[in-house]
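**Student:** Features from TrEMBL:
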DISULFID  Cys57-Cys422  disulfide bond
DISULFID  Cys261-Cys292  disulfide bond
DISULFID  Cys446-Cys451  disulfide bond
SIGNAL    1-21  signal peptide
Amino acid sequence: MKRAIHFVLLPFLSLLLYSYAHEAFDVRQHFSTVTRYGAAKGIADNSIIASNIPDGCTPIHINLVARHGTRSPTKKRIKELDNLEAHLEVLLRDAQELKLSLQKVPSWIQGWKSPWKGKLKGGELISKGEEELYDLGIRIREKFPDLFNEEYHPDVYVIRATQIPRASASAVAFGMGLFIGTGSLGPGRHRAFAVTSESRASDLLLRFYESCENYKDFRKKQEPDVGKRKEPILDEITSSLVSRYMLNFTRQDTSSLWFLCKQMRFTSFCNYHAGFPIWQEASLLDITDQACSLFTPSEISLLEWTDDLELFMLKGYGKSLNYQMGVPLLQDVLEAMEQAIKAQEEKHAPGSYEKARLRFAHAETVVPFSCLLGLFREGSGFQQIQEEKSLEPPPKPPQQRNWRGSVVAPFAGNNMLVLYNCQANSSSKYFVQVLHNEDPIPLPGCDSDFCPFELFKENIVDPHLKSNYNQVCMVKGETPERKPSMASKLFWLFSLGNDGKQTHKDEL
């Protein structure tokens, strides 16, 4: 009788334990910059209380700096997964030759094939990424109807993107959502709209890192050091995997398996293997994989931290140069606000001035811009940012940290700066509200997400304007080469080719 009770209770207790673990730890929120926008939106900071916009305040302009949506693995990463497939075969063969038991080896590893095997190109925006930006466009129009009540004109609603196809395609998807129902094309009443792209060689607003020689030198020298910082974590987890599954995994295997976990977009359901909860992933290619289930939650948190550390050191607060080179973008945002204020003060006619400047780029753009605003720093580091000094790396788990790639720059991650006209306010007529991933976020130097424009300019923008891009980015003694601008306006309706050439770096 007791044994029968045990058999009844064990599945019930397992279900309870899984339910608790699933609520407390959602692996989908721990993929750093490979996190999908929907999962990132679920990482809420409940301590932030949004300001109530005072009565009589109306939005008059919006600046958007957004990352492209979810993309497929790049060509370099596809090759890495091909190598993983080959090495897993070798590990299994070696184990069989040594007559080792394979009982602890998850069944999916045996005969696993990379879902991207044979794919010659990568990095393109996928359907989920299109949906992320399309839905974002719809939500922004619904949130700020007064900003988008004008007849469309490319000088009123300015849309810019880098020449990298996934960014341009993201701009197209966003525009389709933003302007849906305002045209006369097809059942959805779509309309054509313009997306402006600058040549890669001269795009200092959205691809400032591409022309910054000092940054490229720094990154080349810093990458090996970042790799060494990650090695102890990878070695520790590799040792655990070897003990757990009795296969002679290498550090590179661990890194590749973690990447595979991040690439398999999935819905979770319960299973167990050797006492560990299994997240079974249904990928976009409709292939079931269990890469994430190889790791415990604590191991996933550590692997996430290694990704976040790399983001911090190479693109974030780890080096002031990382964000100093983004000052041209900050200046462009300020210029757009000042032009909107001028139009209000001079009472320009509706439809004759810009109401939105919408930009689509990469993590290498969004992360430095977030740093310039002073977001997601640890502790009281705002003065160091104003003085353009580097900050200390984020603390390692289990300590809590503000710097998480899944929040700072997930796929479709964005910063919106909304300018308000508050005519009834006696202290300041114009205010700036910053929203990160659509949620209001307090600005350091303002202690609020609703900041007087003069204070925003004085405390957030002006301290960075002492940085001259050419002085920051050019090697000492070198005269910057001025390449001709090749800005081109591209008129889009539904889609954009994604077969552009890859740059020498694996961009996010």
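Backbone N, Cα and C define each Cβ position, glycine as well.
Help me see these features in their spatial surroundings.
**Tutor:** Proximity of Cys422 (disulfide bond) to non-local residues of its own chain (separation of 6 or more, Cβ distance below 8 Å) is seen for Pro54, Gly56, Cys57, Ser428, Lys429, Tyr430, Phe431, given in sequence order.
Within 10 Å of the C-beta of Cys292 (disulfide bond) there are 24 other C-beta atoms, taking all protein chains into account.
In the structure as shown, the Cβ atom of Cys451 (disulfide bond) sits within 10 Å of 24 other Cβ atoms.
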**Student:** When a 10 Å sphere is centred on the Cβ of Cys261 (disulfide bond), how many other Cβ atoms does it contain?
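**Tutor:** Total other Cβ atoms inside 10 Å, all chains included: 24.
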**Student:** Given a separation of at least six residues and a C-beta threshold under 8 Å, show me what packs close to Cys446 (disulfide bond) in the same chain.
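**Tutor:** Counting only residues 6 or more apart in sequence, the Cβ neighbours of Cys446 (disulfide bond) under 8 Å are Pro452, Leu455, Phe456, Asn459, Ile460.
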**Student:** Looking only at Cβ atoms, how many others are within 10 Å of the one on Cys57 (disulfide bond)?
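**Tutor:** Around the Cβ of Cys57 (disulfide bond), 19 other Cβ atoms lie within 10 Å.
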